[in-house]
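Written out below as structure tokens is the structure these notes cover.
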Amino acid sequence: MAELKETYACIPSTERGRGILISGDPKSNSILYCNGRSVIIRYLDRPLQVAVYGEHAYQATVARYSPNGEWIASADVSGTVRIWGTHNDFVLKKEFRVLSGRIDDLQWSPDGMRIVACGDGKGKSLVRAFMWDSGTNVGEFDGHSRRVLSCAFKPTRPFRIATCGEDFLMNFYEGPPFKFKLSHREHSNFVNCLRFSPDGSKLISVSSDKKGIIYDAKTGDIIGELSSEDGHQGSIYAVSWSPDSKQVLTVSADKSAKIWDISDDGKGKVKKTLASPGSGGVEDMLVGCLWQNDHLVTVSLGGTISIFSASDLEKSPVSFSGHMKNVNSLAVLRSDPKIILSTSYDGLIVKWIQGIGYSGKLDRKVTSQIKCFAVVEGEIVSCAFDNKIWRVSLLGDQCGDASSVDVGTQPKDLSLALNSPEVTLVSFETGVILLRGTKVLSTINLGFTVTASVISPDGTEAIVGGQDGKLHLYSITGDSLNEEVVLEKHRGAITIIRYSPDVSMFASADVNREAVVWDRASHEVKLKNMLYHTARINCLDWSPDNTMVATGSLDTCVIIYDVSKPASHRITIKGAHLGGVYGLAFTDERNIVSSGEDACVRVWGITPQ
């Protein structure tokens, strides 16, 4: 049996020059955001408890709770809205094709009966309001000529809908059935977000022209604006009201968040400016915000989520981050508590502590992309698409000096001799390269297409896997390789080879979904018929006590085999990562960490059958 112990969630997908709209549920104190095809539910007071909904066929853009907190409506770039329950396995209630292009915002009516969605589309259909159970239209929405970025539903009767977008307009509709009432063109740039106050008295719109305008929620007339004194210096991307409707929170490309006091006559003045915790680079531009109960949540372009306390603004915020892209490799530092390092191909290395979660990003002097990655006592070795092998010393939370060697060809795989870690084996298209530190010992052309390689911990043996599915064993003397034996069992290109910790066995896997455990001394197959995946195997790891092998595959599953039992006595974790599993590492005999295409990292507890 395997049970999910912890999830280290991905961060919201962000885009330069666009705001993102996060939402939440004050009752359960959770927030919703989207990354790729997933909708993430995070609890602000329980950071390790995360739920992920992955049923969208296209990239998800926005998700919102219904007023009673029982349902969630989420939308994607194809113009589809899915309505699903927050309990028992996210049962799907309805699915509607609402627009012909991407949906940028959606909002429930306060009685939970209607939904308004807006975005991009062909022709005039840029906004639609419909009944949540039947999908029938409840009004005509014309008046916009370009993409509509935000829409809002007045939370009290008489109902109103407001929309705004890239044509600099704020349109106001009355209903139901909704029809056009009036339009304002006070903004001189894209209008990014608009929101009604919770008491239903006011409406605010914010724009890339650095202005915020306040309207009467019932009539749609302008009553005031945010003061330019101490105002934002960049585009304002998002706005959120306080629960008492007396203040708003805004976030901007000037890397700051501001809290404004809104007077009854609609004038806004700055009460407090919250600086973004960060180095001040482009990544620290703030693109999303939410005021929920006592929490002020801001999201930066780099995806960092910061939570301020509304009752104590001087308190420094709690920040957590993670990956935005596919997490392609994992390493566990055998410290106490266990530290997990994960990397995504955009060059980010994130440090997690088992039981605590996010513990910071590792700052490297050179942020190149990462393709292969290995960690050994106090040092990170990585290779990327720039033909270089980097060795970076690891000093606590930071990376020290980096040295690199240009191997002159694109590396495919990299393996360290753990007992003498300065020895590295790097494979490329037609052969392997032996390195000592950052010095190339030899470049050996093997005469076949290489797809995977590994070097034994003592540095005396190498196993190289080929496109033809054969495993070539070589003994290493000095800087030369001598072929000892060729093992044939696989029927597809080898993807990964790993020695067991005691080096008595090794395991290999291929694109044809098969894994094999071999005895190192006799070269016999020790465990066969490991054929339970339905797609290529991407990663493989041994448990520290040599008894178990885990494989992770493109079919989203992780399978754990006991070496002493037949392959049919396996433990399968189905749907471990949406889109495929790319990284696996045991932290100890009973826990395994996995990562994948969905940018999440998960810790599973294993109980042998």
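Backbone N, Cα and C define each Cβ position, glycine as well.
Just so you know, TrEMBL annotations are computer predictions that nobody has curated.
Since this is a predicted model, take the numbers as computed values, not measurements.
Here is what TrEMBL records for this protein:
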REPEAT    53-84  repeat 'WD'
REPEAT    184-225  repeat 'WD'
REPEAT    229-263  repeat 'WD'
REPEAT    487-519  repeat 'WD'
REPEAT    530-571  repeat 'WD'
REPEAT    574-609  repeat 'WD'
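Same-chain neighbours of the repeat 'WD' (184-225): 18-19, 21, 149-156, 158, 160, 162-166, 168-170, 172, 231-241, 243-245, 248, 250, 252, 260, 262-263, 265-268, counting only residues six or more beyond its ends whose CB sits under 8 Å from a CB of the stretch. Remote same-chain partners of the repeat 'WD' (487-519), defined as residues 6 or more beyond its termini with a Cβ less than 8 Å from a stretch Cβ, comprise 451-454, 456-458, 463, 465-471, 473, 525-528, 530-531, 533-542, 544-546, 549, 551, 553, 555, 561, 563. DSSP labels the residues of the repeat 'WD' (530-571) in these numbers: 0 helix, 19 strand, 23 coil. Here the repeat 'WD' (574-609) has Cβ contacts under 8 Å with residues 1-11, 35-38, 50, 52, 54, 322-332, 338, 340, 342, 344, 352, 354, 535, 538-545, 547-548, 550-558, 560, 562 of the same chain, all six or more residues outside its ends. Residue counts for the repeat 'WD' (574-609) under DSSP, helix first, then strand, then coil, are 0 helix, 20 strand, 16 coil. On the 0 to 100 pLDDT scale, the model's mean across the repeat 'WD' (184-225) is 92. Summarised by DSSP class, the composition of the repeat 'WD' (53-84) is 0 helix, 18 strand, 14 coil.
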